[in-house]
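**Student:** There's a structure below that I have some questions on.
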Amino acid sequence: MTDDQRACSAHEACGGLAGFCCPTDSYEMLSCCGDEPVSEVWTWLSLVITTSCLGIGLISLVRVLPRSPAKFRREVSVALTSAMVYLLMSLPFFIPSVWAVLTPRLQANYIWLPFWYAFVLTKMLGSFFQVATYSILGTLVAVFAMVFLNYLLPGGAGLYSETKQAEQFSWTSWLGHGYKPWVAWLFCACFVYGTFLSRWNVCMKQYALGFFATTIVDFMNPKTDSTAFVAVLWNYNFSFNVNGPVLTSVYVTLLAVPLAALSLPVIPCWRRWRRFFSCRAIASRGLSRISADTCGSLDRLITYFREDSTNYNVESSFLYIRQLGARRRDIEDYLVQAKWECWNSETKARLRGLFRVAGMLHDLRQALRVQLELVRGTRENPAQVFCEELGPHLHRFLEATSDAMIHVASYPVLQRGLTREQFEEIINSASVADAALLEALQVVPRGNRRERIFIDCLRTFPAVLTRFAKEAVGELEDSGKSRGWQRGKLWEWLPCRTCLVREQHIHAIRNTVSWLLALFWSVMVQRATCVTTVSFIFSPSLGSLFDRNVNRILGVGMGLALGNLPAAMLLKPECYESHCFAHYPTGPIVYLQLMFIQWAVAVYGYLATGSRFSYACLLWAGFSGVQMLQSMHTPYGRHHHSTDSSLFLSTMDNMLGCFIVFGVDIIASHLLVSRTVEQVATHVTQSLQAVANMIGRLRDDDWCCEDMKCIKSDLFAIKQSIKRSRHWDDEARKEDHVWTTARLLPYKADLVQALLQHLDDTYVAFWGLLAAAERCDRQCCVKSLVQDSLPGGLESRCRLYAKVAGVALIEKKGREEKVQGVSPDPHIDQALRIADAISLAEEPAERDGEASAGGAPRDSPRGPRPVPTSGLTSALTRYAFSDAAGGAAALSVHADCCASRQSMQRIQALLHEHTFWEARDWRAPASEEEFEDEPPIRLSGTQREEVRQSSSAEEEEDEEDSTSEASIAPRIDQSPCATPLNRV
């Protein structure tokens, strides 16, 4: 037997497995397999390397997974199972009988199955149901859009529209005979703009635009073959076009959904394994752990307050309590996805209970933050010795609170749901805890004000638990009643829901321009690759512009390059009969191993928590999966001249789509909307404006403690503004190096972080103020106390801070700007000096050498919460709060007012130090002459004289005009108490 015959025999031996025919003649063998056979040693070496890497990786995972966190195990399991499903997709290529059943159109569309499959992959059951539903809806929306367009312009611009059957049917079109290009472009622009403007899920938009893009190019291309586009769903004789280009694409798109279900326990399986991927089970377990950690934090705070508060590490506890908030926000994201796992009324009721528990834990965390600030103040200023008689009462409070939390947030209870009896037990435990605190207030001496405030703030915990239980009982009583029709569901889903939002219109216009440019290129080159790519890589917003586009380019480039690498290594060039590996059976085995490894690594990078290149890994998985299947499907071999040119053109189209989106986003960020840094400045300004509105609401005479809906809405506005500011701050930090290098707009990250921290402290102070006000019996006296504690000019001063912060955060290098619309008005200082005479935190601040503008010593960036050290401000207030509980609540209200003022002082100090602007603090100067003789900075002599004359004239006005809302000219306080705070 010759060498050619032995090679042919080896080729025939694997022909049954791989489905490849082997010629019997040696000349045909060489013609089929090439004149320069690849070294078999290299193939065996590749097999050894890939098998070793795969085996070592799997063994390491088996050893590491049992000791790993649940998130890591979940992500790895989904990545490995999805890689097995991806190998299952290649099975038809190795079974000729199965592959022959598929129609040519279905074979051409089948290679795009990994791309659709990658965008449906998730690691949770709830998110899978959500993505699967939106992907199907998006596909149906695109199909009906094409049906409507085909009724407007039957047959499109292709050659099929010129046939007799299509020409006869075209007379029945809605717009008359003939193809009208402007109608097709106008329809595409309207459909794409409406899709981007709608409130649909991003996945639904991607599938709607992606599927629409794969069909519209053949529809609008005048050089389209008569067999490329026949009709959408049915032919012109109204018979369903089962094998048409649209329906075959629908088959492949819908096939990706059940394949994605194989990577998750969607089908009935082991209950414990199903709970491992259930959003509701994960949220229940997380809420239970957060509840236990909340009780532990409360115990630790009370212990250190009682025993040794001077050695208490406040910063570590602050970070731990902050992590409680981050963990709770992650749980809330799981709860949002868990809505898709609830199919009956019982599971929906349990889910609503979990949302209530999450809200309760949010309130308890805010109460912990208030307590932490009080402990911080005790550490900085230990004024008195702890009263030992409080120990038994605090111990009873901790036991009752722990019992109530066990009834609320234990994992079995959260899984089954709470009953009426359990809610009653929660209310009883909360009552015992509140009674213990009231008894503790009776034994605390009147001079120990810190202990009275601390114990009064602890009453927030039983109040929150009681409110939670009563609201839940009320919902149980209303559960049997008919809810009737609920409006707003369809209205929120419709595209016109956001018709009045300017920012939505701008983003819709930007993405529509990118999509139409890609469509224009695709119609010119007669390939839908570019516009399909743009349909999946559009940006919902301009946040992290450079980071997102780097992910796109990197993901598409890696997908195209690494996806073709296995074919370049293992497939034989110039194979004219069918697929041809260089050697059998090592070639197909190594190829499948490389497919498994590359897909598993890419999908894990996409699913990994906190991955910066998650989006790039998703595009890598989608494009590389298509390329590796396309290499096996190419009928003339991987390296034939036709496939080489198509690969180059496909790469060019994909990269062009990335650059189109990048270029349009850059232009839009300069012309239509502001950059990310400017977004940060805008939202920080809005946060300060929200604080000013809150102060104005508290000083309003119409404020009523019994009805706090308006005040709580203002407090919620502060929270949302701070949340949006932090979001844009994170986005700006990702691209800060780009703006700084380009010397366009340097980002002041330290200033933004410090401002947001002080704004957050202000929010906590206002939250504690409202909680303490609800505990007071004399509501009218509470309103009088709040109005006396907050200066009248604090609102106008806060609005001035908003203007200065907005200008300072977008300040160019080497440039100083004036705050527009701010005129010199020293009456603000005069009014604030009068209001500040009742400050109860001034004496300890002077004793500790604190800066009046910053309110903290130089070695402490935040400082303690101010605590009253003297009596109340009026005889009426002292009489109204003569009892222990009322007096403690009044002290808490006043302490929270002082804390909010101190936060405003620190914000002023930050603006004083970090910016060109300098302003007088509202504390009273050492003498009235110091106020009169102090010249403003950066003003000429004429301007200084005008300011002095304006000050002298306005001081003669009445007090009502002096407290009006105004702003102050840039000044500097020469007194030693106005030293600015260190850079945070």
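Cβ coordinates are placed from backbone N, Cα and C, and glycine is handled just like the others.
TrEMBL does not curate its annotations; it predicts them automatically.
According to TrEMBL:
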TRANSMEM  44-65  transmembrane segment
TRANSMEM  77-102  transmembrane segment
TRANSMEM  108-125  transmembrane segment
TRANSMEM  132-153  transmembrane segment
TRANSMEM  182-200  transmembrane segment
TRANSMEM  246-267  transmembrane segment
TRANSMEM  515-538  transmembrane segment
TRANSMEM  550-568  transmembrane segment
TRANSMEM  589-607  transmembrane segment
TRANSMEM  613-633  transmembrane segment
TRANSMEM  654-673  transmembrane segment
REGION    843-871  region 'Disordered'
REGION    926-984  region 'Disordered'
COMPBIAS  953-963  compositional bias 'Acidic residues'
**Student:** Could you give the residue numbers and ranges of same-chain residues that sit at least 6 residues beyond the transmembrane segment (246-267) on either side and whose C-beta is under 8 angstroms from one of its C-beta atoms?
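**Tutor:** Residues 78, 81-82, 85, 88-89, 103, 105-106, 108-110, 112-113, 116-117, 119-125, 128, 132, 135-136, 139, 143, 146, 207, 211, 214-215, 231-233, 240, 273-274, 276-277 contact the transmembrane segment (246-267) from elsewhere in the chain.
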**Student:** Tell me, please, if the transmembrane segment (44-65) and the transmembrane segment (550-568) are in contact, taking contact as 3+ Cβ pairs under 8 Å between residues separated by 6 or more positions?
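**Tutor:** No, the stretches stay apart by this measure.
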**Student:** For the transmembrane segment (132-153), I need the partner stretch with the highest count of C-beta pairs below 8 angstroms, choosing only from 108-125, 182-200, 589-607, 654-673.
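**Tutor:** Against the transmembrane segment (132-153), the leading stretch is 182-200.
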**Student:** Out of 182-200, 515-538, 589-607, 613-633, 654-673, which stretch has the largest tally of CB pairs under 8 angstroms to the transmembrane segment (550-568)?
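**Tutor:** Maximum Cβ contact count belongs to 613-633.
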**Student:** Could you pull out which residues elsewhere in the chain have a CB under 8 Å from any CB of the transmembrane segment (77-102), counting only those six or more residues past its ends?
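**Tutor:** Here the qualifying positions are 17-19, 61, 110, 113-114, 117, 121-123, 259-260, 262-264, 579, 588, 592, 595-597, 599-601, 603-604, 607, 625, 629, 632-633.
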**Student:** With contact taken as 3 or more Cβ pairs under 8 angstroms (pairs 6 or more apart in sequence), are the transmembrane segment (654-673) and the transmembrane segment (182-200) in contact?
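**Tutor:** No; fewer than 3 Cβ pairs under 8 Å.
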**Student:** How about long-range neighbours of the transmembrane segment (108-125): same chain, 6 or more residues beyond its ends, C-beta under 8 Å?
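**Tutor:** Beyond its ends, the transmembrane segment (108-125) has Cβ neighbours at 74-75, 78, 82, 85-86, 89, 92, 102, 131-132, 135, 203, 206-207, 248-249, 251-253, 255-257, 259-260, 263-266, 274, 277-279, 282, 334, 337, 340-341, 536, 599, 603, 606-607, 618, 621-623, 625-626, 628-630, 633.
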